[in-house]
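S.K.: The transit peptide annotation in Swiss-Prot covers 1-149, and the record cites experimental evidence as its basis. Taken from Swiss-Prot, the feature heme binding site applies to TYR150, CYS170, CYS173, HIS174, supported by similarity to another entry. Annotation source Swiss-Prot lists transmembrane segment at 462-481.
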Amino acid sequence: MASLQTPVMVGTVVGCVAGVVGFLAMSSNAATSLSVAPASTSTQIIANPSVIAPQYQGSVTSEDVAMEASQTDFAEVAEISSPVQVQSWSMIFSAMLAVPLAAAAMFFMKKSTTEERRPLVSIDDLLSVGKKAVVASAVVGAAAGSANAYPIFAQQAYGNPREATGRIVCANCHLASKPTEIEVPQAVLPDQVFEAVTKVPFSGPSGFFNVVDPSTVVGSVTFAGTQPVGFIQESGVPVSQALVDIATPGTPDTVFKATIKVPYDESLKQVAGNGRAAPLNVGAVLILPEGFRLAPPERIPEKMKEEINGLQFIQYSKDTPNILVVGPVPGKKYAEMTVALLSPDPRVDKKAEFGTLPIYVGGNRGRGQLYPTGEKSNNNIYNVEHSGKIADIQLNEKKRIYTVAVQQKDGEIINEDLPAGAELIVKVGDVVEAGQAISTNPNVGGFGQAESEIVLQNPGRVQAFLFFSFTVLATQTLLVVKKKQYEQVQLSEMNF
């Protein structure tokens, strides 16, 4: 029987260590946090509604934001138990060690010689399988990262996501406008769970980068999971989603739920921060009336827990339990998001009040066009900065970046680098003017907001109304009976 040589044994041991380290990198990411912002983030909060792109200072830089975007935009890998996950030091060191250990294992294995005699199981086959396993474990371990939530940008810059003008601040970075709808029960009782349906239809053509010409207007095709739902068409083009029926509210002593639906065409892809095509993320912000909040876990029925599907909404801040955010989360898994809510009892909570109350909702799909620092993301049309003739176009395939050389009238050539993933609509020899768009619009997402009303009924008023209705009914019944008696008396007197 063939004996394994020393390099092979060393390579095997190192490969096993790499696999264990890769596994640790994955398992160390299991811990989650519901904190508003990571403890390592230092931010000076500026909440000025008049500023379109909020500027804040601290450890969060544009490079950090770009790096975060490139990691987060791949929504399908975000198999998370809560929207916000915090990286641990053990995960970082494990991920850093996994790849070099795998490389060392392959180096030792490469030094092994081929044995002529083969046992029942070929050593070459074992080495081939071992190499593949080592590489796979190292790659998985190094790629294991957390899914950071974009709402943290708004949480750091604004104390309240709804400005004095009524606009939700998500629109500061998500510049494209998309429709959003919400349906809520007409009325609920105190200490009751109800259902609100928010629909965020998606519009855009299909394709690898889903390029959208600025002048093209397309309709909205909506999906619930993988099944298309009803929509309204105009000249054969779907333009809006039809209303979806919702269930009636539960009994007065139960928790109610809010179901936020974000349907969109799952074949659409967005441009990630690194220029690659990635699935779309979805997110939402729900601004409830004062006193409304997330339902306690012990009040949530088992059936509703199944509908929630492990998704956890978080408070916008510790002082605003009535404002909830979620996302970005994978659209394929969370095309329909359910959250359990609890209505307040104004007799106990003095901040709450009976009557007709407003509910505001904002929903987005895809990435934004601006970072919180005010810088543009690569999810934009690129406008050339200089006038002249395009002398040369170079493509960095690794970074997916085009470099366009513009020759000005004086002969000077200026190179302009386009954002990663941009698709050119010009060619060498074209004459361009400063500010002219030279790339397609890669944005297939957008943000929309809507509002509705809900009535928090006073049980005393309901009881009084029922008592009044019963009294009126009884009075009318007695009057009819008395009238019959009077008629009988009249008939008896006429007989005499």
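Glycine residues also receive a Cβ, built from the backbone N, Cα and C atoms like all the rest.
What does the local environment look like for each feature on the list?
M.R.: Listed in sequence order, ASN364, GLY366, GLY368, GLN369, GLY445, GLY446, PHE447 are the same-chain residues six or more apart from HIS174 (heme binding site) with CB atoms under 8 A from its CB.
Using a Cβ-Cβ cut-off under 8 Å and counting only residues 6 or more beyond its ends in the same chain, the transmembrane segment (462-481) has close neighbours at 189.
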S.K.: Among all the protein chains here, how many other CB atoms are within 10 A of the CB of CYS173 (heme binding site)?
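M.R.: Its Cβ shell of radius 10 Å holds 23 other Cβ atoms.
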S.K.: Using DSSP reduced to three states, classify CYS170 (heme binding site) as helix, strand or coil.
M.R.: helix
S.K.: Near CYS170 (heme binding site), which residues of its own chain have a C-beta under 8 A away, given they sit six or more steps off in sequence?
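M.R.: In sequence order, ALA154, PRO161, VAL285, GLY362, ASN364, GLY368, PHE447, GLN449 meet the Cβ cut-off.
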